[in-house]
């Protein structure tokens, strides 16, 4: 493996690409081949200080720019993203590993997030009520917070950052972005395209790194709010540390999404839907289907079809269109998932399809689609977020048992039901504990103009991302009562 021509990514601070203050770096491999494609700096406190200081200086001017003018930058950015959509998709596949089809889908979802940001003037409109008392009018106004920060994961290196900084910036804030050290090249490209539309320096800053950068942002007195997406332990840490320091925090965390399959479902469509929800993006997404609760009446027929279709899924380099499952992000993650599979077998689950047997011509971090039957809630593979193409089947008596099973999980991000019964779907919608619910919808992640967040250990905070929640998170309200004598 040669690394002689592999570049080291830089930080974007105060309108320029600058080297990190620390010499420490981490290799960024292509998950499909294991070959180094970049080095990412592990920036430190000094880099965070410089980025926040730049954002704070820029805020004093940026907050006075009229909101329609701020939004015009988003319209221009939108065109840049559309013009470069294929390049962005190829870059996602290169450093994340997901298939090119999934990468193109992510690019489209990212574009939709920026489309939402172009509606900021409408979303920031306040409310007014005249004559609330004799000669007194009342109104509500929205203002930006100041310097805000975003900490984003590797699994959606385009969509999640675009949940955050376009909306925050259009609302009048300035932004410090800390993306995953596993996918720095896509972040570099997103910032470069934003720079090309002429965004004033300091409005958007990028600091690469790991825990030192996270702690620097959490503890910096000039950072007003932090948006985070990642694992449950880190989300809990970010929320507790950030709020203890007086910051507004939204922390989207882990998931164990369940799909409920009833006897009256459209069986073939349900099987294909579950396969896409469970195994696309190699299962490395917080909305992946991880458990199917299928009623006994249809269990054998459903599992027979699901097993046959799962065995057909090809595994390999995501740049090739014919592959359905790409590599996992790192060898260390693959090793962890393999241990979960071993635990499933040891604890009594029936392994119907073993993804450990997947082979590829390239030396990447490959794990094929894996399917378990006869899983119980006492098993580790039911309890933990695996973040992998591993699907567990639990057989249940009826809808009530399926709902109770789903609600037993400590996670509550998304849940889906497959049924032809409106009555059953309505009951499921009302009884299930999940932030996002799908009815014959494979992945219940709505468009960007709806809010996105889970419940229980899947989310820490009050306001989710996107939609009305998004604009409320990045702004504060002022309630004004006024009377005039002249």
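Cβ coordinates come from backbone N, Cα and C, glycine included.
Since the structure is predicted, the reported quantities are computational estimates derived from the model, not experimental observations.
Together with 154, 178, 181, 182, 385, Swiss-Prot lists one candidate of 227, 231, 332, 421 for binding NAD(+), that being 231. Each residue contributes its Cα atom, and for residue 181 (NAD(+) binding site) and residue 286 (active site, nucleophile) these two points are 19 Å apart. For the pair residue 154 (NAD(+) binding site) and residue 286 (active site, nucleophile), the C-alpha distance works out to 12 angstrom. Ranking the recorded positions 154, 181, 182, 286 by the number of CB atoms within 10 A of their own CB puts 286 at the top. In sequence order, 149, 150, 151, 152, 206, 207, 208, 209, 213, 214, 217 make up the list of same-chain residues 6 or more apart from residue 178 (NAD(+) binding site) whose Cβ falls under 8 Å from its Cβ. In three-state terms derived from DSSP, residue 178 (NAD(+) binding site) belongs to an extended strand segment. The binding-site residues listed here are 231, 385; among them, 385 has the most other Cβ atoms within 10 Å of its own Cβ. When the record's NAD(+)-binding residues 154, 178, 181, 182, 231, 385 are compared pairwise by CA position, the greatest distance found is 24 Å.
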